[in-house]
Structures are given as C-alpha cells and as structure tokens.
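Record features (Swiss-Prot):
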type     : residues : note
SIGNAL   : 1-27     : signal peptide
CARBOHYD : Asn46    : N-linked glycosylation site
REGION   : 53-86    : region 'Disordered'
CARBOHYD : Asn91    : N-linked glycosylation site
CARBOHYD : Asn100   : N-linked glycosylation site
CARBOHYD : Asn120   : N-linked glycosylation site
CARBOHYD : Asn212   : N-linked glycosylation site
CARBOHYD : Asn354   : N-linked glycosylation site
CARBOHYD : Asn400   : N-linked glycosylation site
CARBOHYD : Asn429   : N-linked glycosylation site
TRANSMEM : 466-492  : transmembrane segment
Amino acid sequence: MLTPRVLRALGWTGLFFLLLSPSNVLGASLSRDLETPPFLSFDPSNISINGAPLTEVPHAPSTESVSTNSESTNEHTITETTGKNAYIHNNASTDKQNANDTHKTPNILCDTEEVFVFLNETGRFVCTLKVDPPSDSEWSNFVLDLIFNPIEYHANEKNVEAARIAGLYGVPGSDYAYPRQSELISSIRRDPQGTFWTSPSPHGNKYFIWINKTTNTMGVEIRNVDYADNGYMQVIMRDHFNRPLIDKHIYIRVCQRPASVDVLAPPVLSGENYKASCIVRHFYPPGSVYVSWRQNGNIATPRKDRDGSFWWFESGRGATLVSTITLGNSGIDFPPKISCLVAWKQGDMISTTNATAIPTVYHHPRLSLAFKDGYAICTIECVPSEITVRWLVHDEAQPNTTYNTVVTGLCRTIDRHRNLLSRIPVWDNWTKTKYTCRLIGYPFDEDKFQDSEYYDATPSARGTPMVITVTAVLGLAVILGMGIIMTALCLYNSTRKNIRL
C-alpha cells in the first residue's frame with residue numbers, strides 16, 4: 001500500500017512548496033508579475049525555460065544528511081498576496097531566528113490506498129501534504145516521482161485458491177501475481193524560484209495530474225483504463241540531493257464483471273454419472289470469481305478426485321473460468337436441476353448471477369441385423385422420435401432412396417419411444433458384402449449405436465445349397481423309383497396267384 005502514500009506525498013509537497021516560496025511561479029512560461037489562479041493542472045510534459053530541457057537532480061554527497069523528526073517552535077501564518085504568486089510568512093521571531101527553525105518531516109495522506117476502476121473508465125486519487133511550512137532555504141528544491149508498477153497474472157491457476165486464502169492475491173512476488181518492470185510516469189520538481197518542472201510522459205494524455213496550491217492537494221487520473229494499468233502507483237518525495245523522504249503506494253485495481261455465465265450439462269446414457277460445467281466468461285482480475293453449485297436447490301460439493309476448475313486469460317477480453325462437477329447416477333436418479341451460482345467481488349463491490357441446466361438421459365436402444373428374401377433387415381426397439389436409420393455398405397453411406405424405414409409400434413418399456421424396421425436390398429454381385437445399420441440423431445459418437453453383418457454371395461456359398469437340392473431330388477427319385485418297382489412286383493405276384501387259382 002505504498003503507492004497511495006507516495007502519490008499523496010508528492011502532491012502535497014508540491015503544493016506546500018508553492019505556498020512557501022516568496023515569489024512562487026506555478027508555470028515556467030508564466031511571468032512572476034502575472035496573477036495566477038490557485039489551481040494548476042497539466043498533463044505530464046516537458047516544461048522548460050528558454051528551451052532548456054529538464055535538468056537532472058544532483059545525487060546526494062556522502063557527507064550530507066537530512067535532519068528529521070524535529071518540531072517547530074514558532075507559529076506561522078501564511079498569507080497569499082493578491083496580484084503576485086508570492087506568500088508572506090509572518091513569524092513571531094526575527095529572520096535570524098527563522099533561519100534556525102527546525103520543522104517536522106512532511107507526511108502525505110491519500111484519500112485511498114486502493115482505487116477500483118472498471119475497464120475503459122477513469123481512475124482517480126487525491127493526496128494531501130501534511131507538514132509545517134519550512135523556510136525556502138531549507139526546502140528550496142524537491143522532486144516528486146510518480147512511478148507505475150504493473151502487476152501481471154500467471155496463465156495458470158494451480159495456486160489461485162491457496163493464494164486467495166493466504167491473502168496473497170494481488171501481492172507482487174506471490175505465486176499468483178508478479179510485477180513487471182516499473183515505469184516512471186512523471187517527475188515533478190520545484191526549483192528555488194518556485195517554478196515547477198515535469199518530465200515528458202511516454203503515454204500522451206493517458207495520465208492527467210493536477211495541483212491545488214490552496215489546499216496543498218495533488219490529484220492523479222488514469223484515463224481509459226485497460227488490463228495493463230493493473231498495478232500500483234508509487235509516489236516518492238525526494239530532497240534536493242535526490243534522497244527519498246516519503247514513499248506512498250496506491251493500488252490500481254482494474255475491474256471487470258463477468259460478461260456471461262453458462263452451465264453446460266451434456267446428455268448422458270442411462271447408468272452414467274451426471275456432469276456439468278460452469279463457464280464464467282470475461283472478468284477481471286483472475287481470482288475475483290467464486291463459484292458454488294446447487295442440485296435441485298441443495299448445495300452440491302465438487303469432488304477433488306474428479307472435479308475442479310481452471311482459467312485462462314484472453315488478451316483484450318479478460319479471464320475465463322471453467323468449473324466442473326459430477327453428480328449422481330442417471331440409471332437411478334431422475335435428471336436433476338443443476339445450478340451454478342457465481343459471485344464476483346472486488347473491494348466492497350459484489351455482483352452475483354446464476355445459470356441452470358437439466359441434462360438429458362438417453363437409454364440404450366436394441367437393434368439386430370439379418371438377411372431375408374434378398375434384403376438386409378434391421379430391427380430397432382426403443383428409440384426417441386428424432387432417431388433415424390442410415391445404411392452403410394462397405395462403410396460407405398447409401399442414399400436414403402435405396403432403403404426404407406417404417407415405424408412398427410411403440411416401445412413397451414420406455415415412454416415416448418418407438419420401434420423401427422428398416423431394410424435395404426442386398427447386392428447380388430457374387431462377393432462378400434458388409435452391411436451396417438447405424439442409428440443417427442444421438443448426441444454421442446456417430447458409431448455409438450450400430451450393427452454390422454456380412455452377406456456372402458460368392459459361388460462357393462451359392463454351390464452348397466444347389467448340391468443339397470440336387471442330392472435331395474435324386475434321393476427322392478430313387479425312393480420313388482424303388483417304391484414303384486416294389487408296387488409293380490407286388491401287383492405282379494398277386495396277379496400270378498390269381499391265375500393259378
């Protein structure tokens with residue numbers, strides 16, 4: 001939380017020095033003889049005098065030291081002169097005594113330590129300088145550095161929950177988030193003549209900084225916020241030897257509520273477990289979404305051995321989270337109402353939404369394939385009304401004009417299911433042909449329900465029944481011939497006996 005304080009320190013220091021300088025000029029291009037308003041605003045840019053660029057602040061010599069934590073014994077009254085940017089310090093003591101006065105170390109108070117700002121909007125914070133007015137000889141030069149430290153999130157979530165529980169969420173250096181290279185946004189300086197200087201900004205009008213000399217206030221705006229602005233601002237006040245005096249942190253929390261929440265409950269076959277996935281799309285930051293499950297209104301707890309969650313980040317769109325759960329047995333339980341409850345939380349902001357789905361249960365159909373009277377015949381029992389039949393010959397789909405399918409009745413064991421019969425002429429091509437009867441319309445693999453058989457039309461297969469037929473005919477002829485002969489013999493013998501008598 002150093003960033004908010006640093007920013008505040010910088011703002012207040014600049015304002016304070018403006019008030020103290022006997023001939024304070026707020027802009028490098030403004031004449032001291034011109035009256036200026038108490039409010040100064042500017043974008044970070046190169047402010048120079050006579051075309052000279054901003055000079056570097058000298059480094060502190062090794063023998064120098066800064067006096068701190070001393071209290072002032074004199075009361076100061078600050079009055080702003082009208083018509084000039086100067087301030088008169090009325091002291092109870094003389095100038096000689098004034099030169100020996102000591103003052104408290106300045107402090108910076110910011111209005112917040114965290115700025116929650118939604119995507120594409122503007123984030124703001126204000127800092128105020130708290131310090132006894134020092135003399136110009138003591139505080140003749142200072143620097144306020146505004147530094148941005150980005151925080152980038154890892155593209156995996158193995159430690160998301162652990163980091164959240166441990167309070168490491170958003171902390172640089174944790175397994176969940178880490179800082180990229182820091183960047184100087186602006187360096188604001190006041191010289192002994194009361195002129196304010198600032199370094200150029202590489203971001204154009206991305207940042208807007210203003211100073212109010214009356215209230216000793218500095219404000220910072222971050223415009224059109226995007227994911228790259230997530231991090232913390234660091235406000236550092238340095239003395240004229242470039243030594244840091246105050247360091248404040250203000251965290252910039254980029255926010256984005258989930259764009260959508262959906263529950264996917266895929267269909268299952270009777271006897272399998274119900275499964276569901278909750279998809280939370282396009283939110284920020286990762287870890288700001290909490291998912292809970294309900295089954296028919298009752299709390300359902302995912303199992304660690306087979307359920308879980310994972311997320312990924314899409315550039316320009318935010319994070320997407322998928323949470324999964326496994327429930328019950330579809331062969332025993334009726335299809336449940338599965339609900340996913342999502343809570344998005346950032347700071348004091350909470351947004352909740354939910355989605356519900358009911359899975360569909362399919363029953364295993366019964367089908368068989370046989371050959372009869374020159375047809376391949378497929379008999380199907382207990383299929384939904386949307387199921388149709390497709391024939392394949394040698395694994396090649398056949399036009400539906402080559403076969404026909406009819407409904408033969410209703411299934412006796414499953415409501416709203418029916419029985420079908422489909423047939424296709426077999427090929428009389430003197431070869432062995434594969435016929436496949438496949439059910440189409442199930443939300444599973446296409447070959448999930450099918451039956452295949454071979455029809456043998458080779459000469460060898462055809463020869464066997466012919467031999468049997470010829471043999472049968474010859475056998476019958478022999479039997480008939482023998483019967484005729486025996487009958488004739490019997491009649492002949494009977495006739496001879498009658499003649500003898």
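Placement of Cβ uses the backbone N, Cα and C atoms for every residue, glycine included.
Sequence features annotated in Swiss-Prot and their locations in the structure.
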residue: Asn120; record: N-linked glycosylation site; Cβ contacts under 8 Å, 6 or more apart: Asn224, Val225, Asp226
residue: Asn354; record: N-linked glycosylation site; Cβ contacts under 8 Å, 6 or more apart: Val261, Ser339, Cys340, Leu341, Val342
residue: Asn400; record: N-linked glycosylation site; Cβ contacts under 8 Å, 6 or more apart: Arg390
residue: Asn429; record: N-linked glycosylation site; Cβ contacts under 8 Å, 6 or more apart: Ala457
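According to DSSP, Asn429 (N-linked glycosylation site) sits in a coil region rather than a helix or strand. Within 10 Å of the C-beta of Asn212 (N-linked glycosylation site) we count 20 further C-beta atoms, all protein chains included.
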